[in-house]
Amino acid sequence: MTASSVLLHTGQKMPLIGLGTWKSEPGQVKAAIKYALSVGYRHIDCASVYGNETEIGEALKESVGAGKAVPREELFVTSKLWNTKHHPEDVEPAVRKTLADLQLEYLDLYLMHWPYAFERGDNPFPKNADGTVKYDSTHYKETWKALEALVAKGLVKALGLSNFSSRQIDDVLSVASVRPAVLQVECHPYLAQNELIAHCQARGLEVTAYSPLGSSDRAWRHPDEPVLLEEPVVLALAEKHGRSPAQILLRWQVQRKVICIPKSITPSRILQNIQVFDFTFSPEEMKQLDALNKNWRYIVPMITVDGKRVPRDAGHPLYPFNDPY
């Protein structure tokens, strides 16, 4: 049985498998959370922009706390600061709104969702007349200093980053008095992120993989993109070990000490996704999966401009995916 959590530099234990909640519809996410907690999940990944934190809060209220199924201190809850709330004055109100929605007194981890800021306000995707996004000039280093105050106030136990490049991580570290503990990025065998993971681990950050199964349910999915869950190497290992393809992909990550947050609302899959600690890959099997890397990124936010689908933020000076890693 391999260890099912990693130790953050804050001393917190972060479970290697958590339940992702992106695209989990209100009306379905509450039951998914309650089921996940009942089968042993102790890590839930949330974000204000997912629009479902209120319902997640209802599930947490029923299942977590004194006299409930799960003591609060056994649960690791992450949420994320959205792009419209990067202005230092907006950071604390944003986390307080998330805490109220989740019905929690503190978060275990709070991430800056993206490095760039959108125009301030309550519209999560402020747009110009031509369909492009309205940005705000707040730099992530200013936002980081405001996030640090949340730790001092006890609202948040640890801070982290999401969708930041290696250069941007170092930029935050250069001003941080509270060091980031986690980087959350897209990661799976087609986008192995080896350089970025090594960069983080050398600096005391753990890495969380989002879309670890390849996110085949995206709205902007392209018909000819490769499907990770149908990859022959993955299917062959699944057959050999008597496991599902998803379990193969998750086992590869946890064996690399990378945290995963697969999203599901289906009980059988929620259960399956956490059953990855009772088998191991040989070094040769790990190499087979490592060899699938092709730096294929599924999650690039797209918008329609003049009738064409284009990457939404690729022209922004803080866009993270123009860097080599």
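The backbone N, Cα and C atoms fix where each Cβ goes, glycine too.
Just so it is clear, the model here is predicted, and its values are computed rather than measured.
Features as listed in Swiss-Prot:
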- Y50: active site, proton donor (ACT_SITE)
- 11-22, D45, 162-163, S211, L213, 215-216, 263-266, R269, 272-273: NADP(+) binding site (BINDING)
- K23: glycation site (CARBOHYD)
- K68: glycation site (CARBOHYD)
- K85: glycation site (CARBOHYD)
- K141: glycation site (CARBOHYD)
- K153: glycation site (CARBOHYD)
- T2: N-acetylthreonine (MOD_RES)
- S4: phosphoserine (MOD_RES)
- S38: phosphoserine (MOD_RES)
- K127: N6-succinyllysine (MOD_RES)
- K127: N6-acetyllysine (MOD_RES)
- K145: N6-succinyllysine (MOD_RES)
- S211: phosphoserine (MOD_RES)
- K13: site 'Not glycated' (SITE)
- K30: site 'Not glycated' (SITE)
- K61: site 'Not glycated' (SITE)
- K80: site 'Lowers pKa of active site Tyr' (SITE)
- K80: site 'Not glycated' (SITE)
- K97: site 'Not glycated' (SITE)
- K127: site 'Not glycated' (SITE)
- K134: site 'Not glycated' (SITE)
- K145: site 'Not glycated' (SITE)
- K157: site 'Not glycated' (SITE)
- K240: site 'Not glycated' (SITE)
- K287: site 'Not glycated' (SITE)
- K308: site 'Not glycated' (SITE)
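Location within the structure of each feature annotated in Swiss-Prot.
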| residue | record | Cβ within 10 Å |
| --- | --- | --- |
| P15 | NADP(+) binding site | 22 |
| L19 | NADP(+) binding site | 27 |
| K80 | site 'Lowers pKa of active site Tyr' | 26 |
| K85 | glycation site | 31 |
| K97 | site 'Not glycated' | 13 |
| K134 | site 'Not glycated' | 14 |
| K141 | glycation site | 13 |
| K157 | site 'Not glycated' | 19 |
| L213 | NADP(+) binding site | 23 |
| S264 | NADP(+) binding site | 20 |
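In the three-state DSSP classification, K141 (glycation site) falls within a helix. On the backbone, the CA of K308 (site 'Not glycated') and the CA of S38 (phosphoserine) stand 45 Å apart. Within the same chain, the residues at least 6 positions away from S38 (phosphoserine) whose Cβ sits under 8 Å from its Cβ are S63, A69, listed in sequence order. Residue density at K240 (site 'Not glycated'): 10 other Cβ atoms are found within 10 A of its Cβ, drawing on all protein chains shown. Checking each of the recorded positions K61, K80, K97, K145, K240 against K68 (glycation site) by C-alpha distance, the shortest gap belongs to K61. You'll find the Cα of K141 (glycation site) roughly 32 Å from the Cα of L213 (NADP(+) binding site). Of all the recorded positions listed here (G11, P15, D45, Y50, L213), P15 has the Cα closest to the Cα of S4 (phosphoserine).
Checked against K157 (site 'Not glycated') by C-alpha proximity, the recorded positions L19, S211, K287 yield L19 as the nearest. Closest to K287 (site 'Not glycated') by Cα-Cα distance, out of the recorded positions D45, K61, K240, S264, is K240. Closest in space to K61 (site 'Not glycated'), of the recorded positions given as K23, K85, K134, Q272, is K23, taking the CA atom of each residue. The distance from the Cα of K23 (glycation site) to the Cα of K97 (site 'Not glycated') comes to 20 Å. Counting Cβ atoms from all protein chains shown, D45 (NADP(+) binding site) has 25 others lying within 10 Å of its own Cβ. Non-local contacts of K145 (N6-succinyllysine) by the CB criterion (under 8 A, 6+ apart in sequence, same chain) comprise P88, V175.
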